[in-house]
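Feature list (source: Swiss-Prot):
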BINDING   HIS199, HIS297  substrate binding site
BINDING   ASP216, ASP227, GLU353  divalent metal cation 1 binding site
BINDING   ASP227, HIS290, GLU322, GLU353  divalent metal cation 2 binding site
TRANSIT   1-61  transit peptide
Amino acid sequence: MASSVFLSSFSSSSSLQLCSSFHGEYLAPSRCFLGAPVTSSSLSLSGKKNSYSPRQFHVSAKKVSGLEEAIRIRKMRELETKSKVRRNPPLRRGRVSPRLLVPDHIPRPPYVESGVLPDISSEFQIPGPEGIAKMRAACELAARVLNYAGTLVKPSVTTNEIDKAVHDMIIEAGAYPSPLGYGGFPKSVCTSVNECMCHGIPDSRQLQSGDIINIDVTVYLDGYHGDTSRTFFCGEVDEGFKRLVKVTEECLERGIAVCKDGASFKKIGKRISEHAEKFGYNVVERFVGHGVGPVFHSEPLIYHYRNDEPGLMVEGQTFTIEPILTIGTTECVTWPDNWTTLTADGGVAAQFEHTILITRTGSEILTKC
């Protein structure tokens, strides 16, 4: 989950300014789904961990009121008549149904019981043989759930119905839907439609032919999280949108291709940026990949854009890569629910995500089904 991915932060580094065209700042529960630059490396050049103090994470973004949202929709409609780039109708909030229940016998991640939003763990997650077997099981389940969710994407289906189906499949497998209750997130999956970059909350809005939708699934099984997402087409989709989605998936593949024991993390962002720019798309810098395993979000933070951050991959590490590409701006606005994050200009966004395991000669995609 990204989205985060699902990580968030705001550091003093000048290399990243979250939603920098906006003046207001606010603290949001979604801070554990967004990312900002690492100010110190967790690994030395020898591959050993360096010690440092945990960073404080928060999001800096424009939180829109009801009036501002109405103005945004009006401006988007005006753009529809002037722009040569096709735009779907502006995304509108639907009704969010009550939180679904999870049977008592299913183990919960620690953050659910405590009710406290966890900090980003500074520990790299290297599970070991037994842990890797459990990671494979969690990731395989997440991949199967995501495949099933994709079959439900049709015109007139609501994202709330997709959430219910995903929730039921996860608990039937004896697992817990990791997003549910994370920092107050009210649903079991993220559904991000059209201009929604990430962290869309499932609601009563019906999908329409021409929509694209990212579904982000994370499951907690036997003490380990498996995290993956994919962007799907609903009905007849514009060729320009299809191209964006194709290139985004290719960016993920190219980022994964550079991963192996001893490789530099910054190679991921370089490879993704090169491919996106070749087609004229923009890479969102605010959302990062992250370590995943027994802990939902941890170091290393994976930047999907060009960067000079130090750090080397180590055999046995597990983390996500989850680039988001946009047709237009990468600036964002966040709805009052403190989660749903949209492109500021209404341009569509696409995202793909895998959890990978670093090996001596390359990497293994754990969420490939």
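Using the three backbone atoms N, Cα and C, a Cβ is placed for every residue, glycine included.
Taking HIS199, ASP216, ASP227 as the binding-site residues under consideration, the smallest Cα distance to HIS290 (divalent metal cation 2 binding site) is found for ASP227. Secondary structure at HIS297 (substrate binding site), as computed by DSSP, is coil.
Neighbours of GLU353 (divalent metal cation 1 binding site) among the binding-site residues HIS199, HIS297, GLU322, defined as a Cα within 10 Å of its Cα, are GLU322. Reduced to three states, the DSSP call for GLU322 (divalent metal cation 2 binding site) is coil. The 10 Å shell around the Cβ of ASP227 (divalent metal cation 1 binding site) contains 33 further Cβ atoms across the protein chains shown. HIS199 (substrate binding site) falls within neither a helix nor a strand when secondary structure is assigned with DSSP, and so counts as coil. The binding-site residues listed here (ASP216, ASP227, GLU322) include ASP216 as those with a Cα within 10 A of the Cα of HIS199 (substrate binding site). Between the alpha carbons (Cα) of ASP216 (divalent metal cation 1 binding site) and HIS297 (substrate binding site) lies a span of roughly 15 Å.
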